[in-house]
Each structure stands twice: as structure tokens, then as C-alpha cells.
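TrEMBL annotations:
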type	residues	note
ACT_SITE	PRO2	active site, schiff-base intermediate with DNA
DOMAIN	2-117	domain 'Formamidopyrimidine-DNA glycosylase catalytic'
ACT_SITE	GLU3	active site, proton donor
ACT_SITE	LYS58	active site, proton donor
BINDING	HIS91, ARG114, ARG155	DNA binding site
DOMAIN	240-274	domain 'FPG-type'
ACT_SITE	ARG264	active site, proton donor
Amino acid sequence: MPELPEVETTRRGIAPHLIGRRITSVVLRRPDLRWPIPPEVGALLPGQRIEEVERRAKYLLLHTQVGSALLHLGMTGVLRVLPPDAPVGKHDHVDIALEATTVGARILRFTDARRFGCLLWQPPGTTHELLENLGPEPLTDAFDGDLLWHLSRGRTAAVKLFLMDNAVVVGVGNIYASEALFAAGIDPRRAAGSVSRARYARLAAEVKRILAWAIERGGTTLRDFINPDGMPGYFVRELQVYGREGEPCRTCGTAIRQVVLGQRSTFWCPRCQK
Ligand SMILES: [Zn+2]
């Protein structure tokens, strides 16, 4: 599943081809993805200029004057900028055609084999319900250790589940939560309310470091092979705990353990993480 770094890498890849360009037509090869595609997408987008390409959590927004297309890649979604005559495959569900420039005409194509992705509509001046009640972006100043500390007081849920709660902070998926907790030396099973302010400061810093690193690497390696968990190959080689049950901790040699928290596999080192 594409995680925040892959979605941000996608945004950075497509934005220069889209911003400032006018949409000439929209081709919807099916009426729905995960949810029905609202009629505004086909009716209002043609003729509009794309003003900005924004990422919020794992959503991408194509902003125009009359409203915004809201996209989520789901499990298997891919967005590519292609020449208009690119052959259409079975899972190429949406094409957004762009006016020609000196490099020729282009289409933005949304491909999604499993169709857990979505294409929705956000009228101008409104916030789509899927974007309401989201916590801050992890790579902004609004996210820090103090925020985690304040929000966690009195919470008995495991700190890993707290960190993965989109109302606390968006985009910290299972892999990144496991790795950040290892880097911060915090046992993922510990009650969120029992983690000190100083340790949350360390955790927030590690979340930022790991996500920023993944985004930076993603920029050049997105076309590398993607393993069945959806992780780019470069990332698998760097993992400290995720997917390493029974293998020696890279820091202390103790066998990495696995437990299921909130239906998700969690990995930690019993010696390095307290
Ligand atoms: Zn260890």
C-alpha cells in the first residue's frame, strides 16, 4: 500500500506537469472506484486550469477555480503522466487530458488494479469529509513531541496505535511507526499516557527523520521493484525491526520480537525498547 512517502513522491513527480495547465477532457472508463465518481469530475473539470497539486495525509488534491479533484491511491493505485496515445490497459480507469505545451499533449492516468482508490470532488471553500478531523502533517512544525505528550495524557492505548491514529498525526503507517519507536527506544506496547515528554520529543524527531529520508530516497527509486508489502526495495534493506522477527537486533543482537497490536504486526527489540 502506498504510504505517505510514496504519495508525496507521486505528488512531486506529477505536479510540474500539471500546475498551470488546462484540462481539455476527462475520460472515466468506469463509474466508480472504491466509491462512485461524482458527476462534477467529468462535468466541471474540462476547461479548468490546475492551480495547485496538494497532498493532505495520503490524499492528493488537484485544485481548480471551480473545485478540487480528490484522489487516494488505495492499495494499488498509480498516477502517471503519459502521452495521450499511451495504450490503455485493463486497470487504467481514469485519464485527465491536459492541453499541449512545447513538450506536446499529456494525460494524467489513474491506474488501480484492486480499486480501493478513489476519485472524489471537493467544492471550492469546503473541506471534504474525508479530510475533516485529521491531525497535523508529520513534517510540519505543528507536529512535535509536545503535541504527542498533551494528546496522550490519560490514554491507555498502546503508544504505537496512538502514533498511527490519524486524529493525532496523519500518515504514520505501520512500518514507519515500528521503525520510529525503535529509533526512539520506546516499547510499542507501552501505554501512550505513560511516555514522558522528553521521550515524545525524541519520537517526533525520529518520525520526521524517517519519513523525510523515505521521501528523499523515493524521489529517485520509485521505479525500483516494490515488494508484496508495497515497500520499495531500498527501504526493506534499511529496516531495523519491521519484518525481522527472530533476527538479531542490529544494535544489540537480541532477537527481534513480534506481537499483533490493533490487528497489525508490530516488531520491537526487547532490550533496546523500554
Ligand atoms: Zn536491540
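All positions are counted from 1 along the displayed chain.
The backbone N, Cα and C atoms fix where each Cβ goes, and this holds for glycine too.
Location within the structure of each feature annotated in TrEMBL.
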residue: PRO2; record: active site, schiff-base intermediate with DNA; Cβ within 10 Å: 22
residue: GLU3; record: active site, proton donor; Cβ within 10 Å: 23
residue: LYS58; record: active site, proton donor; Cβ within 10 Å: 20
residue: HIS91; record: DNA binding site; Cβ within 10 Å: 15
residue: ARG114; record: DNA binding site; Cβ within 10 Å: 13
residue: ARG155; record: DNA binding site; Cβ within 10 Å: 17
residue: ARG264; record: active site, proton donor; Cβ within 10 Å: 15
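Nearest neighbour of ARG155 (DNA binding site) by Cα distance, taken over the active-site residues GLU3, LYS58, ARG264: ARG264. Note on proximity: among LYS58, HIS91, ARG114, the recorded positions of the record, the Cα nearest GLU3 (active site, proton donor) is that of LYS58. Within the set of recorded positions PRO2, HIS91, ARG114, ARG264, the entry lying nearest in space to LYS58 (active site, proton donor) is PRO2 (CA atoms). DSSP gives ARG264 (active site, proton donor) a strand state.
Among the recorded positions listed (PRO2, HIS91, ARG114), PRO2 has its Cα nearest to the Cα of ARG264 (active site, proton donor). When DSSP labels each residue, the domain 'Formamidopyrimidine-DNA glycosylase catalytic' (2-117) comes out as 21 helix, 50 strand, 45 coil, counted as helix, strand and coil in that order. Taking CA atoms as the reference points, HIS91 (DNA binding site) and PRO2 (active site, schiff-base intermediate with DNA) are 17 Å apart.
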